[in-house]
Amino acid sequence: MSRSAHPAGPRHADVLPEGHYAAPPADLNTLDPRVWSRTVTRAADGAAEVGGLDVRALAEEFGTPAYILDEADFRARCRAWRAAFGHDADVFYAGKAFLSRAVVKWLNEEGLNLDVCSGTELAVALDAGMPAERIALHGNNKSYAEIERAVSAGVGRIVLDSFQEIARVAAEAARQGKRQRVQIRVTVGVEAHTHEFIATAHEDQKFGLALAGGQAAEAVRRVLKLESLELAGIHSHIGSQIFDMAGFEVAARRVVSLLAEVRDEHGVELPEIDLGGGLGIAYTSDDDPREPQEIAKALGEIVTRECEAARLAVPRLSVEPGRAIVGPTAFTLYEVGTVKPLEGLRTYVSVDGGMSDNIRTALYDAEYTVALVSRTSDAEPMLSRVVGKHCESGDIVVKDAFLPADLAPGDLLAVPATGAYCRAMASNYNHALRPPVVAVADGAARVIVRRETEDDLLRLDVG
Ligand code: LLP
């Protein structure tokens, strides 16, 4: 591809972003395998392919915007997590990242367990055949109905989040004549290096019971007194999109010291600890996530070392990755509409979706990358902002991106790493119809979550 020292298209030193997009990438046509799902390639004619299928054919058949999910990649990631943690640990996929019946089936086949955080996620899990004993129920405000449903289904664990909930779950289990396995979610006081809204282990927030100040120890005391609860262990989740293992290390150390206190006070060694999810993925080529193998090794070593120091038997470890499994496996396919160059600033490239299918940029200032996928181009890089079609200026999908200057309406763009928290957090803002999720594998595509229709929306609107 030809490149001049002064790329064409609007470009102004004052608006040039820092970091990933401070300069155009060497080749706009390259699809960096760190960011794109595993089976994404460029075909001979330049269009991108995934799962052996041409994205132009996918757009033709399923329309845009659409989330295209690479099933082989999803399964490979499940297997990598399973293999890395081995038989002495459990991997609970965090369904909040993206849940559908097909996903539950894949998880089941690949030997993963499932974390749900609402009665309706639980309903999907059960409907799709996940055995209840492999399901964990989370949530800081579980309703009586959710507790009733989880206990009667026989979920393997309910993760308790408050004193009130201890009493509620105990009462419900007693009413049903059952002994419910539970974990207590503690906040370990770690400041995770991530966006404030997705950090969860500092004390001033709504989740869990604090280790500092003794709330967690008091929760243990209460649970151990209740006949209808079986205290299986302690749970900690420090936040999301974290790269640095240091936070997990501190969390593990503090959780193990609670286990030692519990042993000293009650003579009971709790058999499980769960260190939550939160492992980061590559949204841009600058991100450098840890591999499951490395994560498993680091966590296993910390827990073993701390337990040996406290003379505790090493408990069964579990983790709850959501984003790290599903995030990299999907991209969002959009069609380009209006292309509006702003002289001296940048070019606004509007696509046929926006904040209704990806709220993360607006909400967390998230960084994404984007590529022209219906063809390659040798045109000069053009500093662009990919925006949606919603009625607000914050409706940004990709803040800063270089796209080829010959970009035109009808071209297809794809934004990678949208498998987690995009369809899951999609909305009907401006009565947008939420896009489908299309699973591709081995040259075949199938809709696993269909596109909403006007009829769907009108059915809800009862007049
Ligand atoms: N376990 C618990 C108890 C959690 O609360 C979460 C995420 C996870 C596991 C999974 O975390 P992951 O591995 O996916 O990072 N909407 C935000 C993320 C919120 C995460 C909430 N809890 C985002 O789009 O970044």
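Cβ from N, Cα, C; glycine included.
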Listed in TrEMBL for the pyridoxal 5'-phosphate site shared with E320, P321, G322, R323, Y421, one of G278, G388, G463: G278
Same chain, 6+ residues apart, C-beta under 8 Å of the C-beta of G322 (pyridoxal 5'-phosphate binding site), given in sequence order: Y93, A94, G95, K96, A97, F98, D115, G277, A420, Y421
Site with most surrounding Cβ atoms, counting all protein chains shown within 10 Å, from the binding-site residues Y364, Y421: Y421
Site diameter for pyridoxal 5'-phosphate, Å, by largest Cα distance between G278, E320, P321, G322, R323, Y421: 15
Close-lying recorded positions around ligand 1 among R323, C391, E392, where CB distance stays under 6 Å: R323
Between R360 (substrate binding site) and P321 (pyridoxal 5'-phosphate binding site), the C-alpha gap once rounded to whole angstrom: 18
Nearest of the recorded positions (E320, P321, R323, C391) to Y364 (substrate binding site), judged by Cα-Cα distance: R323
Top Cα neighbour of C391 (active site, proton donor) in the set of binding-site residues G278, E320, P321, R323: R323
R360 (substrate binding site) in three-state DSSP notation: helix
